[in-house]
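Trainee: Input: one structure, supplied below.
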Amino acid sequence: MSSAVSSHTVAASSSTEQGKDPESPLTPLILPNGGWQAWATVFGAFLVQVCNFGYTSSFGVYQDFYVQEYITNASPSAISWIGSVNAFCLISGGVIAGRLYDRGYFYPLVWGGSLLTVFSLFMLSLAKPNHYYQVFLNQGLGAGLGGGLTYVPSIAITSHYFSTRRALAMTIIATGSSLGAIIHPIMLNNTFARLGFHDAVCASTGLVAGLLLIACCLMRTNMPIQQHYTRSLQSISSDWAYISATLGLMSFSIGFYFPQFYLQLDASIHGLNKDFAFYSLVVLNSASIVGRLLPGFLVNKLGAGNMITFATAMCAAAIFGMIGLSSTTSVVLIAIFYGFFAGTYVGLISPLMVSLSSDVSEIGLRMGIGFLFSGIGVLIGTPIGGVLLTERFIWWQAVLFSGMTGMLGSFFFAGMLVILHQRRNSKNTEKQ
């Protein structure tokens, strides 16, 4: 993309409150809306997603390996806490990282978070069989906290460069986690059997370290520091559309990770071909790439709020479908259907948060708070699913719980649309 792309003046607009245009202008600033540095930053943020959210989304491989081979003295529920704590720290860490990002600490966050992630994964490779606490501390806490420092800043940095292309840039970044969730499962499933746990995790860590180094060198900030912390909190606490969206994130996140953590194990337990079971997550995340890219081209016409409400409802339906999983065909259908709409959901979270922000200085904070509540849902969701699953693998109980919480999240997003519609009508009435 040529650096000659013309600059665009960004001015405050009421359309940011409609949930219709995540690329709506936010504040009177000059954004380049393209150029070499802008797209280099997007690529760097893309690589960050490959290494943090992409790795977390691959925990289903670890779940299967730990349950059946490496931590056989712990229950599936206890093991799922490793992945859920990792995801919680990664997502909810945004409430701190987002505020520090708003205050100008972008570089310490991405470099420090990357170093912590690589160190923790290397220490994970030294964890011994059936030593649950070693795996939990390194993979659950260490790698999760490292990812949490980089996750929100790497997404929010896009707002420094784009006005009319912001949603497209953010959905491109979001596809990084899907690509990572394809690369890492293939690599781990093939190296666990051939190299053993230590060497497989070391090889994986080497890949993550190289990609994060490139990412940190590519990303650059492009905006002066703005600090309105108290005013931002007051604005957020009275914004019922944002509150409803945040509750939707939390509720939906309770069930969101169940297919990603348990689909491979489910396929294995049902006696399907082991090689095929290994690639069930690859199918899911391949569909997710399409689901994350598509919204970037349609969101201006259909609206982020409308699309995320529909996508979460479809995800819940796919989770319910896991009750009938019994064959290769059913696994493929569920993986494709769920992967596509889960990708749409993930790809739209950041544009939705931007569309609900009345000022660019609030983006990091609003993303951080939204991801905090989302992380709480992730933290409790898969362990509860594991408890309901039991060691006898009663799948319908866990599936029913995850599907119902996913549908509740969709209802909250629908409530957000109603509030935005009423707000828009009220403004139109005042103008008349």
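Residue 1 is the first one shown; counting continues down the chain.
The backbone N, Cα and C atoms fix where each Cβ goes, and this holds for glycine too.
According to TrEMBL, the protein has these features:
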type	residues	note
REGION	1-24	region 'Disordered'
COMPBIAS	1-16	compositional bias 'Low complexity'
TRANSMEM	78-98	transmembrane segment
TRANSMEM	105-126	transmembrane segment
TRANSMEM	132-155	transmembrane segment
TRANSMEM	167-188	transmembrane segment
TRANSMEM	200-219	transmembrane segment
DOMAIN	232-432	domain 'Major facilitator superfamily (MFS) profile'
TRANSMEM	240-258	transmembrane segment
TRANSMEM	278-295	transmembrane segment
TRANSMEM	307-325	transmembrane segment
TRANSMEM	331-356	transmembrane segment
TRANSMEM	368-388	transmembrane segment
TRANSMEM	394-420	transmembrane segment
Trainee: Which listed stretch (105-126, 132-155, 307-325, 368-388) has the most C-beta pairs under 8 A with the transmembrane segment (200-219)?
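Mentor: Result: 105-126.
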Trainee: Short question: which residues 6 or more past the ends of the transmembrane segment (132-155) have a Cβ under 8 Å from it?
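Mentor: Beyond its ends, the transmembrane segment (132-155) has Cβ neighbours at 44-45, 48-49, 51-53, 55-56, 62, 66, 71, 73-74, 78-79, 81-83, 85-94, 96-98, 100-101, 106, 109-110, 112-121, 123-124, 126, 170, 173, 212, 215, 219, 350, 364, 367-368, 371.
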Trainee: Counting a contact as 3 or more Cβ pairs under 8 Å, with residues at least 6 apart in sequence, do the transmembrane segment (307-325) and the transmembrane segment (240-258) touch?
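Mentor: In contact, yes.
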Trainee: Counting Cβ pairs under 8 Å that are 6 or more apart in sequence, does the total for the transmembrane segment (394-420) and the transmembrane segment (240-258) reach three or more?
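Mentor: Yes, the transmembrane segment (394-420) and the transmembrane segment (240-258) are in contact.
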Trainee: Mind looking up the mean pLDDT for the domain 'Major facilitator superfamily (MFS) profile' (232-432) in the predicted model?
Mentor: 84
